[in-house]
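Remarks on the structure that follows.
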Amino acid sequence: MSEQKLAINEYLKTDSDYLRGTIKEGLDSQVTGAFSDGDQQLIKFHGFYQQDDRDLRNERKAQKLEPLYSFMLRARVPGGVCTPEQWLGVDKIATELTSSNSIRLTTRQTFQYHGIPKRNLKTIIQGLDREALDSIAACGDVNRNVMCNPNPVESRLHAQAFEWAKKLSDHLLPHTQAYAEIWLDKEKLLTTEDEVEPVYGKTYLPRKFKMAVAVPPDNDVDVYTNDLGFIAVADNGELVGFNLVAGGGMGSTHGEVETFPRLADDFGFIKPEDTMKFAEAVMTVQRDWGNRVNRKRSRLKYTIVDHGFDAFKAEVEKRAGVKFEAPRDVTIGDRGDRYGWVKGVDEKWHLTLFIEGGRIIDYPGKPLQTGMRELAKIHKGDFRMTSNQNIIIAGVAESDKSQIEQIAANHGLLVDVSPSRGHSIACVALPTCPLAMAEAERYFPEFMDKVDALQARHGIAEQPIVVRMTGCPNGCARPFAAEIGLVGKAPGRYNLYLGANFEGTRLNKLYRENIQEAEILAELGALFEGYAGQRLTDETFGNYCVRSEVIKPVIDAARDFHG
Amino acid sequence: MSLKELSQFSALLSAPQLDQLTRLTADMSPLQLAWVSGYLAASASEPGQSQAQSGEQAQQLTVLYGSQTGNSRGVAEALAQRAAEAGWQVNLTSMGDLKPKQIKDESLLALVVSTHGEGEAPDDAIELHQFLASKRAPKLDGLKYSVLALGDSSYEFFCQTGKDFDERLANLGAEALLPRVDCDVDFEDAAEQWQVQLLEALAPHQQARTQTHTSAVAGGFSASDYSKQKPYSAELLVSQKITGRDSDKDIRHVEIDLGESGLNYQPGDALGVWFNNHDALVEELVSVLKLDGDAQVSIKDQTLSLQQALLEKRELTQLSPAQVQAWAELSGDAELQAIASDKDALRGFIHRHQLADLAKRWPVSVEPQQLVDLLRPITPRLYSIASSQAEVDEEVHLTVALVADEHYGDTRFGGASHFLAAAEEGQTVRVYVEPNKHFRLPDNPETPVVMIGPGTGVAPFRAFMQQREADGINGNAWLFFGNPHFEQDFLYQTEWQQYLKSGVLERLDVAFSRDQAHKVYVQHRIKEQGEALWQWLERGAHLYICGDAERMAKDVHQALLDVIADHGGKTREQAEAYLENLRADRRYQKDVY
């Protein structure tokens with residue numbers, strides 16, 4: 001095994017001097033807007049990806065110009081909570097230093113900037129730093145932004161769960177000073193490997209690692225799609241521990257059956273004080289056992305499949321020094337957000353705004369970005385980004401409610417949303433994402449208009465259906481956990497997946513391959529007709545598809561997803 | 001003739017002779033070469049004659065020119081040809097090639113010189129211009145001369161360099177054969193008249209003997225080269241926009257096929273491009289002035305329609321002060337008359353207006369013939385060539401910025417740039433090569449080159465790089481480039497990246513003025529890199545500047561002085577002397593416009 005050639009990223013990490021590489025030199029180069037190939041892998045650990053405007057590739061080639069390179073920078077905002085002051089800083093950066101002039105809320109409760117020229121990266125990172133924000137480990141082979149249910153109603157439980165999300169994020173952050181040196185002009189320190197990365201080591205993890213903390217019955221964080229999930233168990237509104245789940249993940253490759261999406265396995269109940277031990281144990285087993293030869297098979301889900309659940313669990317318990325208890329009973333419910341005003345147990349009000357595609361930008365007649373800025377100027381609570389790419393104005397006093405509502409309404413931030421649209425998400429895709437094979441964010445609103453119309457025609461307009469679209473099978477919008485999943489194959493062509501359940505505890509499965517809009521709508525029309533006529537009481541669309549044998553259920557992803 | 005060809009005669013010539021001949025001919029234009037060959041042939045065919053001449057002071061007419069864009073040289077060449085046809089032994093030379101002291105050996109001198117910017121002399125005239133005003137200037141009692149000055153009357157110091165030469169020569173005791181002639185932008189007719197008058201004035205000084213050269217010398221000029229007057233009808237291959245879609249500029253990369261023309265050029269040369277005015281502009285003028293495009297007009301001895309005259313024969317996109325004055329008269333408009341009578345206001349005005357603006361804003365009633373007579377003849381535009389034949393063979397490439405300005409809500413285009421930008425593949429473009437021997441790569445391949453070319457000024461450096469790559473020269477090349485935006489205006493970006501990768505280009509420093517809060521230009525980069533630049537200069541680097549004359553070249557000049565003073569430990573005066581020496585040694589060359 002030791003002779004086997006590792007994936008190229010492994011050598012890059014080894015040789016990078018703890019993620020430094022030649023990023024500094026790359027920043028200084030005036031003749032290109034890009035980084036070297038090797039550095040393009042390393043910069044992800046610093047929170048950003050190199051992209052180029054794919055709409056312009058050929059045009060610019062003829063113009064003897066290099067591709068229009070820019071960077072997508074994703075911040076690390078554990079649990080998606082930020083202050084109005086931070087938001088104003090974030091907003092200013094978007095306006096002054098990015099060409100997309102927008103803030104994009106992500107499916108992992110953070111925000112990202114698109115269209116950053118290389119020369120502005122440092123200014124942006126320093127600007128975030130001034131707002132006590134950073135982008136360390138927002139991407140790369142490390143523990144990514146930790147999600148946490150932003151439940152504003154159960155405010156006490158949320159506060160406890162959020163505390164853990166933040167602790168997990170901070171504890172598992174890479175320790176290298178590369179970020180501080182390169183971006184914040186901190187002096188370089190001479191350190192040894194142990195001092196540098198006590199948990200990760202010099203090659204970090206084999207692949208990205210995603211964590212979420214869920215507060216039932218909400219499952220907005222889609223906890224089973226994460227590498228490691230903590231499902232809060234409460235007693236009388238107090239946190240008593242977590243059900244730990246592990247081995248979920250969406251990414252797969254078209255046509256490669258050895259790759260597949262998977263939902264996490266239930267491992268058992270753990271006490272709050274053991275949280276960090278278990279998190280570190282799961283992560284280090286993955287660090288040591290994970291596949292470093294084939295990056296397509298390197299996520300934790302494959303490690304568990306390849307080594308077996310029992311062996312993996314035993315090793316985790318051994319490293320944690322604690323055994324799992326039997327999972328506690330919890331109810332996993334809705335993955336959507338509660339739009340509009342809700343009142344929390346703390347008597348404060350919370351306003352959830354639907355942000356289509358997560359894109360906060362000033363549209364003609366709909367100045368969303370300006371509206372958010374105006375809200376931030378007067379809001380006294382906090383903002384919470386949701387995993388459905390929406391935002392909550394949280395902690396509003398009764399006396400401030402009408403003013404907040406007025407501002408939101410005046411800027412097009414209060415909109416009526418159909419039940420399905422409110423449960424649906426799309427990734428960024430074209431033109432910036434280098435992986436995209438088809439449109440998603442730019443096309444999805446129009447597609448949802450057609451789905452809404454179809455539901456209305458069949459009299460099922462009030463039934464929320466989770467619809468998700470991505471431009472590729474990498475799975476940023478978690479399409480394989482959607483009741484209707486659409487995954488891009490080519491411009492205008494998608495694979496249609498069906499059979500996941502509404503709550504997100506069962507995967508979907510390929511129903512039709514490589515079809516265009518007309519066929520997609522025809523298929524959905526026929527299915528909606530059947531569903532409208534034959535559904536049982538309270539039966540969701542995903543469950544109907546399985547019961548009526550439109551599609552076989554996926555119980556064991558490794559066996560069933562391609563089976 | 002190339003070096004390679006010369007070496008075939010090495011058996012006939014001694015090494016020093018061959019060397020001398022090579023040096024003599026290296027920078028000659030095709031016309032000059034043709035003339036020299038005729039001259040030498042004539043000498044050889046008359047044994048004894050040249051001996052006899054060298055024994056006594058032969059009566060020779062020296063035609064000196066100081067030229068920046070080639071116009072003065074063109075006039076000087078035309079005069080040389082006429083003079084040779086009239087039996088003169090003619091020495092045609094650039095002021096830059098004349099050792100200033102030698103001027104005292106001259107007896108008959110015709111001098112053609114242009115003026116640039118705020119009364120400045122062209123680069124090749126600077127040294128002589130200064131020398132004649134210095135204490136070292138000799139008495140020139142025996143010299144008879146005539147000055148033709150070229151200039152642009154929209155500038156304050158119109159024909160100043162010509163005036164200076166006239167005055168300085170007279171002060172030194174020389175005698176003017178004719179009153180000085182000052183020509184405006186439309187110099188052709190006046191220049192021709194001057195030539196005729198000068199030859200008449202010279203006739204009494206001619207010695208019979210030199211007649212013997214006539215036939216051979218005249219024959220030398222008859223080489224059928226394409227020229228400004230006789231351009232080659234080339235095919236346009238490509239006109240590709242090379243600024244990004246969000247750029248404020250429209251800059252084209254133009255490729256032209258020289259086909260079987262036999263036209264040759266060297267890196268540093270310019271291409272003269274004749275153009276037709278745009279149909280839409282002609283239609284607008286005809287309609288605004290309520291004229292009939294089919295009306296017959298005559299230009300010289302040719303009769304043609306007004307439409308055709310405006311399309312092909314008349315300058316429509318550059319106004320002259322005289323035109324504005326005439327228009328003010330015609331219109332009787334007080335506002336326009338006030339502008340026309342204020343020299344400073346007029347100067348600014350003609351740069352912000354075109355004929356069509358006049359016609360629209362100050363409508364006049366004008367007859368077709370009257371209009372045509374009011375306008376200057378269309379003249380070709382010169383573009384620094386952006387390619388080397390070592391790379392592109394029979395093609396010639398240009399970098400053309402489309403001139404497009406808003407005037408009263410209308411977009412007004414530059415004549416030639418609009419023609420080239422709108423030209424379609426396969427269209428005919430009439431071109432000729434305008435050599436620029438004052439912008440040449442060093443003879444020694446080891447000599448470093450520092451190229452400063454913001455905007456379209458980068459064009460000749462693309463030619464330099466192509467040439468150096470073809471010659472297998474690695475490194476020792478440093479380019480400074482600038483433009484407003486990195487993403488939109490980095491002309492030939494991917495090519496420079498390749499040259500950097502292959503090592504043909506050693507360094508590239510860029511200044512994108514609008515990509516940050518404070519504006520950064522090439523002169524700032526030059527100063528930032530002062531220490532390294534000073535080292536390059538001390539290693540013998542040649543400095544080249546190409547681009548905007550008005551501001552950039554001056555700012556860069558100042559930056560270079562700063563670098564030399566700061567890093568060479570020199571006073572301001574010493575730095576100026578250092579740069580002046582570089583210029584005199586042909587190590588500081590400019591192609592600015």
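Backbone N, Cα and C define each Cβ position, glycine as well.
According to TrEMBL, the protein carries these features:
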type    : residues                       : note
DOMAIN  : A:70-129                       : domain 'Nitrite/Sulfite reductase ferredoxin-like'
DOMAIN  : A:164-323                      : domain 'Nitrite/sulphite reductase 4Fe-4S'
DOMAIN  : A:346-408                      : domain 'Nitrite/Sulfite reductase ferredoxin-like'
BINDING : A:C427, A:C433, A:C472, A:C476 : [4Fe-4S] cluster binding site
BINDING : A:C476                         : siroheme binding site
Fill in: For the [4Fe-4S] cluster site built from A:C427, A:C433, A:C472, A:C476, further residues of that chain with CB within 8 A of the site's CB center
A:V428, A:A429, A:L435, A:A436, A:A440, A:T470, A:G471, A:N474, A:G475, A:A477
Practice prompt. Please report the number of other Cβ atoms within 10 Å of the Cβ of A:C472 ([4Fe-4S] cluster binding site).
Written response: 23
Discussion item. Counting only residues 6+ away in sequence within the same chain, which have a CB under 8 Å from the CB of A:C476 ([4Fe-4S] cluster binding site)?
Written reply: A:T106, A:T107, A:M250, A:C427, A:V428, A:T470
Worksheet, complete the sentence: For A:C472 ([4Fe-4S] cluster binding site), the three-state DSSP class is coil
Item to complete: Return one of helix, strand or coil for A:C433 ([4Fe-4S] cluster binding site), based on DSSP.
Response: coil
Fill in: Listed in sequence order, residues with CB under 8 A of A:C433 ([4Fe-4S] cluster binding site) and six or more positions away
A:Q51, A:M72, A:C427, A:G471, A:C472
Fill in: A:C427 ([4Fe-4S] cluster binding site): secondary structure state under DSSP, collapsed to three categories
coil
Worksheet item: Within 10 Å of the Cβ of A:C427 ([4Fe-4S] cluster binding site), how many other Cβ atoms are there?
Response: 28
Worksheet item: How does the domain 'Nitrite/Sulfite reductase ferredoxin-like' (A:70-129) divide up by DSSP, counting helix, then strand, then coil residues?
Response: 29 helix, 17 strand, 14 coil
Item to complete: Run through the domain 'Nitrite/Sulfite reductase ferredoxin-like' (A:346-408) and tell me, per DSSP, how many residues are helix, strand and coil.
Response: 25 helix, 21 strand, 17 coil
